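Step one of this worksheet: look at the structure below.
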Amino acid sequence: MKFGKTFESHLTIEWRQQYMRYGDLKELIKQGVENAPSPLTSSDYEIQAYYRAFEETFLTECQTELTGVNNFFLEKLLEARRKHGHLKLQLLAYSREPGHTGSDSSLSQRAERSQKKIMTTRQLRYAYAEFYLSLVLIQNYQSLNETGFRKICKKYDKNLRSSAAGRWFTENVVDAPFTDGRLLQRMTIEVEDLYTAHLANGDRSLAMEKLRVPPLGEPTPPSMVFRAGIALGMLIMLLVVTAISYWKRAPLEDHTPGLMSLYRGPFTWVIFNFYMAANVAGWQQAGVNHVLIFEIDPRSHLQPATFLEIACTFGILWALSMLGFLYNDLIGVSDPFVFPLALILIMVGLLVVPLPIMNWPARWWTIKLVGRVISAPLHYVGFADFWMGDQLNSLVTCIVDYYYTLRFYAISWLRYERVNNCFEPDVIVPITMCLPGWFRFAQCLRRFRDSGSKSVSYLINAGKYSTTFLVVLFATLRRNSEGEYASTFSNPYTWLFLASCVVATVYCYLWDVIRDFGLFRIMSENLVLRLFWAVEFTILYHNLMTAYNMRTICSILEITRRFIWNYVRLENEHLFNCGNFRATRDIHLAALNPRQERMLESMMDESDGVSNRRKSNERIRLKKEYF
């Protein structure tokens with residue numbers, strides 16, 4: 001692989017603008033060679049003057065890039081050095097033991113007395129894991145930029161038959177601040193030692209397992225891709241067999257309503273998982289750091305192939321269950337409704353049973369995330385929390401189908417008889433439909449409470465989700481009073497329902513294009529899919545399709561809209577992270593009081609063997625101290 005591609009694939013996306021512009025410098029060399037005067041039409045003096053001028057231009061550009069790289073490196077180094085001292089102060093207070101920096105034991109006692117709130121073991125492990133990752137990213141920044149400058153200078157000398165770039169590299173880059181990795185190496189070793197001694201009970205292999213970061217730009221393992229491919233092939237084959245079987249061997253007429261209702265929820269979930277696999281693959285292809293946005297541990301996140309394998313596994317289970325329902329008499333099962341129940345129990349079991357299959361850490365993360373969504377008003381709400389809440393809003397039909405399934409088996413089997421009206425709405429259905437909207441409504445109120453500025457945008461967003469309650473309310477009143485009026489449009493609740501749908505559509509669409517997608521980033525598909533309720537109403541009014549089939553189409557279109565929304569929403573969040581150069585999860589450290597600030601400086605002085613820390617320009621100060 002050429003270095004240009006290696007450079008792009010290994011850089012930290014959120015710091016892209018702070019790396020040396022290897023591609024631009026390479027293009028500059030190409031233009032310099034192409035625009036050089038020909039020896040046949042130009043004198044030696046003109047040729048030499050051109051190359052001298054181009055050499056000055058190129059080296060000036062290199063110097064500009066070097067200055068930017070040095071400044072950003074020193075800024076990140078200062079930030080890392082201060083975090084290191086702060087975390088060490090917390091760790092010493094937590095452990096009540098002297099640190100590994102040569103300071104005396106009284107330092108830990110002073111640290112303990114000065115800390116009003118000491119971090120827990122879990123918080124310290126999380127903080128040190130993220131800090132270690134930040135050190136790895138800075139080291140990667142060093143290595144890529146140094147290699148980039150060396151490669152571009154070598155390319156210049158080769159193409160222009162010169163040695164000027166090589167001399168510039170030796171004089172300016174070899175001893176540049178960003179190429180000196182001694183301080184970073186010392187911090188990295190000390191973090192490993194501190195974690196081993198205080199947070200891993202002296203087990204260095206365990207400490208490195210928790211701290212070690214997978215190689216940047218590591219490709220998906222071939223075995224994982226192979227498994228996903230096999231699963232996808234099996235699913236396609238089973239879906240074809242299922243379609244043919246349903247066509248040739250249709251279920252009994254009295255079984256059809258139950259069959260459709262019981263299998264729609266799991267089928268929607270299968271499609272949703274395929275969309276998630278496509279989302280993750282698209283985010284990685286576009287360079288959107290979804291691992292950081294969702295604050296997932298980069299040491300254990302799922303690859304797109306894993307998502308595809310999970311989606312195919314659920315799809316295979318769905319197809320096998322459907323085939324069992326259709327061929328129940330041939331395989332000796334008297335009641336075909338055993339198969340959809342078995343499907344749901346297996347799918348739920350694969351999600352919640354803590355076995356080392358199908359990536360239990362990822363499943364546990366999902367379970368905790370759903371739990372945080374349900375208990376939204378009781379704790380702080382992060383991006384992953386409200387993202388999951390939005391996914392549940394698009395899975396309303398799926399959630400209602402699972403309620404129908406629960407009611408069907410509870411009533412039918414307890415009474416030892418099949419009750420087809422179990423799939424008709426009751427009082428629980430509108431409540432269930434309002435739950436996802438309520439989760440997001442409560443999250444917005446909690447974010448408003450937690451925001452220091454009390455941003456009114458959180459209340460506006462809460463108002464968007466409150467429109468769900470009106471739509472469900474008027475839809476329920478309209479359905480319950482439909483038989484009391486001569487026509488649909490003579491029912492006043494029909495007009496209230498339509499008005500609430502219009503308000504909800506306009507409200508949600510404006511929020512999407514102004515807030516979630518970025519200002520004026522109009523998405524035509526989003527508008528069309530949000531207006532599909534009008535198409536649904538028209539089709540049902542003219543009896544062109546059954547309500548159940550129409551609702552199935554609407555459900556699939558809604559999760560399709562959410563699939564596209566996921567791309568744009570995370571891109572917007574990724575741009576925010578890039579603008580703030582945020583490449584790791586936040587480490588929330590309490591502010592230090594003046595006494596703690598003095599202690600922190602004392603620890604840093606003792607660690608580095610220097611005493612003067614009061615220069616006005618921090619970048620110049622770092623360079624003098626360490627370089």
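Heads up, the Cβ atoms here are built off N, Cα and C, so glycines get one too.
Range annotated as transmembrane segment by TrEMBL, chosen from 127-145, 526-544: 526-544. Here the transmembrane segment (307-327) does not lie next to the transmembrane segment (456-475) in space: the count of CB pairs under 8 Å, restricted to residues six or more apart, is fewer than 3. Listed as Cβ neighbours of the transmembrane segment (526-544) (distance under 8 Å, sequence separation of 6 or more from its ends, same chain) are residues 488, 498, 501, 505, 508-509, 512-513, 517, 550-551, 554, 557-558, 560-561, 564-565.
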